[in-house]
Amino acid sequence: MRAKSKTIPVVLAAILLLAVAVVGYVRSGQTQPMPVRILFENNGGKVIFSHLVHHRDYQIECASCHHDKTHPIEAPEDRALACGSCHPNSFDEKFIEDHADSFPNEAYCVRCHHVEYDTVLFDHEAHEDYASDCSDCHHGQDIEPEPQKCSNCHDERGSDELLSMRLAGHQSCGQCHEDMFDKGLSSCKSCHVPKDMTDYKGDYSSCGQCHEAETRELVLPRMNAFHDQCMSCHEEMGAGPYGPDNCKQCHISR
Ligand code: HEC
Ligand code: HEC
Ligand code: HEC
Ligand code: HEC
Ligand code: HEC
Ligand code: HEC
Ligand code: HEC
Ligand code: HEC
Ligand code: HEC
Ligand code: HEC
């Protein structure tokens with residue numbers, strides 16, 4: 001008898017605790033879509049990232065890590081994109097084929113497809129005075145029976161025999177405006193009017209149309225994105241693991 005009277009309160013307590021746990025779990029699911037902890041399985045050894053602790057205890061704002069300014073993440077209930085949607089293992093054909101479907105809507109696209117060009121600033125009449133002859137820019141009659149639009153022959157892609165419109169334009173204007181190209185990307189505005197990219201609908205130019213750097217130098221691939229973000233902050237704050245000797249403070253070897 002004595003044994004039984006002791007068991008009942010214990011069982012009751014256990015049920016009560018379980019109920020609290022279930023309610024707590026459900027409620028945390030509602031109010032905190034942000035993960036508490038994140039386990040990364042990878043070739044360097046598993047990494048356990050104390051996500052909530054980083055935000056709550058180390059007092060780091062969501063946006064210092066979730067840095068997509070077109071979709072600011074500010075409060076715990078805000079949903080965030082996985083870093084890998086924009087920082088894949090590599091920008092290969094598979095990424096190019098699939099990536100457009102990995103974003104909730106089109107507003108994300110301009111984070112990478114950040115500029116397209118509208119009309120070229122070119123005053124034809126004024127240039128007739130600057131040049132000695134029409135043939136400074138137009139071909140001779142053997143190619144161009146009479147002066148006409150360059151795009152009648154030079155198309156967007158170009159071929160082995162014929163320069164693309166971009167290269168034909170740049171080479172021709174560059175005869176006199178070499179200085180404008182010397183300044184790199186900051187100089188493009190002298191001839192190109194950028195389009196307004198809010199609610200942009202249309203084709204996207206490949207990054208290489210404008211950038212000489214490869215895509216992975218412009219947008220870091222997955223491992224570099226994590227290493228760079230995690231470790232530069234630790235180094236800056238002088239807290240948390242970084243540097244060549246501390247791999248194992250993040251990576252748990254198997
Ligand atoms: C110290 C950096 C850091 C801070 C601060 C931070 N996060 Fe994260 N968060 C991450 C990383 C890293 C991931 C993992 C993403 C992945 O797996 O690609 C992540 C994942 C997430 C995910 C899951 C995304 C998914 O689908 O995989 C959500 C939601 C999220 N964070 C929301 C937030 C919110 C809301 C805040 C602020 C209250 C916040 N985070 C603060 C770094 C951070
Ligand atoms: C919507 C796309 C997108 C998402 C999501 C995203 N990034 Fe980025 N990230 C970029 C782009 C584009 C750049 C190129 C530089 C720039 O424009 O800031 C970049 C640059 C970086 C850089 C280089 C340093 C810097 O800040 O400029 C690091 C590190 C980085 N991202 C880490 C992360 C991590 C970690 C996550 C997840 C917590 C993440 N990124 C989520 C698009 C994204
Ligand atoms: C993380 C950066 C990033 C984001 C965000 C992004 N893209 Fe891309 N996209 C790329 C890269 C890199 C390429 C390859 C371009 C190249 O060839 O230089 C590309 C190529 C493309 C292409 C051309 C594909 C082809 O066959 O040549 C289309 C179309 C495209 N993206 C659509 C989208 C759409 C739609 C979205 C938004 C829903 C989007 N992208 C978001 C980086 C991005
Ligand atoms: C500094 C370079 C330059 C000089 C000099 C020049 N042109 Fe042009 N011209 C161009 C370019 C570039 C285009 C293409 C503009 C376009 O497609 O909008 C063009 C287009 C034209 C067109 C087609 C216009 C149309 O809208 O169909 C004619 C016609 C033409 N030029 C005649 C001349 C004649 C005649 C001369 C000499 C008096 C001359 N151009 C001198 C660069 C030049
Ligand atoms: C009727 C077709 C046609 C038109 C119009 C045309 N091109 Fe070309 N362009 C060619 C061909 C064909 C070549 C290749 C010539 C060669 O290999 O000798 C060429 C070559 C070039 C080259 C390479 C260097 C050179 O001069 O051989 C440049 C630069 C060029 N075009 C610029 C222009 C510009 C700028 C315009 C407009 C003002 C223009 N082209 C209009 C057919 C055309
Ligand atoms: C024969 C030489 C020559 C060629 C070829 C030439 N330009 Fe010019 N351009 C000039 C001169 C000279 C001026 C006036 C002085 C100045 O501003 O540099 C000028 C001025 C300009 C300006 C105004 C610059 C400013 O600071 O406001 C623009 C824009 C421009 N050119 C664009 C072009 C484009 C686009 C092409 C190719 C289609 C081109 N030019 C080809 C000689 C040339
Ligand atoms: C001196 C004037 C001039 C400068 C500077 C210049 N461009 Fe261009 N660009 C042109 C002309 C002319 C064309 C061909 C005209 C056309 O396509 O209608 C062209 C075409 C292009 C195109 C393909 C067509 C388009 O509209 O998208 C791209 C991409 C481009 N330029 C990128 C650049 C970049 C990136 C820079 C800076 C590094 C730059 N240009 C600097 C004159 C210039
Ligand atoms: C039509 C031309 C054009 C295209 C296409 C383009 N960019 Fe850019 N990009 C620029 C110019 C110009 C700048 C520098 C000026 C500025 O801040 O806008 C720049 C700057 C950047 C920067 C900042 C770092 C730097 O090198 O200055 C990143 C990152 C970047 N672009 C990534 C991309 C990626 C990824 C793509 C392809 C998905 C792309 N860009 C396509 C013209 C272009
Ligand atoms: C913006 C700054 C910042 C970023 C980004 C950041 N951390 Fe930290 N991290 C800290 C700080 C501050 C500490 C606190 C160390 C202490 O108090 O001793 C810390 C501590 C840690 C620790 C040891 C203590 C713990 O909480 O586990 C690990 C492991 C760690 N971080 C992993 C990561 C990983 C993995 C990432 C990237 C996904 C990351 N951190 C991104 C600031 C950051
Ligand atoms: C601050 C924590 C942290 C430190 C310190 C750290 N890493 Fe990582 N490492 C990560 C994270 C987070 C990932 C990304 C996991 C993912 O891709 O899901 C990663 C990924 C990797 C990968 C996986 C690449 C792949 O393709 O799967 C390797 C390898 C790696 N790290 C090696 C190292 C080495 C070597 C060191 C020491 C020089 C180191 N890491 C230090 C957090 C860290």
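Just so you know, glycine gets a Cβ as well, placed from its N, Cα and C.
Note that the structure is a prediction, hence the values are computed from the model and not measured.
For reference, TrEMBL has these:
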| type | residues | note |
| --- | --- | --- |
| BINDING | His124, His127, Cys134, His138, His139, Cys150, Cys153, His154, Cys173, Cys176, His177, Cys188, Cys191, His192 | heme c 1 binding site |
| BINDING | Cys137 | heme c 4 binding site |
| DOMAIN | 118-192 | domain 'Class III cytochrome C' |
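Between the CA atoms of Cys173 (heme c 1 binding site) and the residue listed as 'heme c 4 binding site' there is a gap of 8 Å. Mean model confidence for the domain 'Class III cytochrome C' (118-192) is a pLDDT of 95. Of all the binding-site residues listed here (Cys134, Cys191), it is Cys134 whose C-beta has the fewest other C-beta atoms within 10 angstroms. Secondary structure counts, DSSP: the domain 'Class III cytochrome C' (118-192) has 38 helix, 4 strand, 33 coil. Under 6 Å, Cβ to nearest atom of ligand 6: this is the test, and of the binding-site residues His124, Cys173, Cys191 it is passed by Cys173, Cys191.
Candidate binding-site residues: Cys137, Cys153, Cys173. Fewest other C-beta atoms within 10 angstroms, Cys153.
Summarising the environment of His177 (heme c 1 binding site), the number of other Cβ atoms within 10 Å of its Cβ, over all protein chains shown, is 14. The most crowded of the binding-site residues listed here (His124, His139) is His139, judged by how many other CB atoms sit within 10 Å of its own CB. Contact annotation for binding-site residues (His124, Cys134, Cys173, His177, Cys191) versus ligand 5: none, no CB falling under 6 Å from a ligand atom. Checking the binding-site residues Cys134, His139, Cys153, His177 for a CB within less than 6 Å of any atom of ligand 4 leaves Cys134, listed in sequence order.
The two recorded residues, the residue listed as 'heme c 4 binding site' and Cys153 (heme c 1 binding site), have Cα atoms 14 Å apart.
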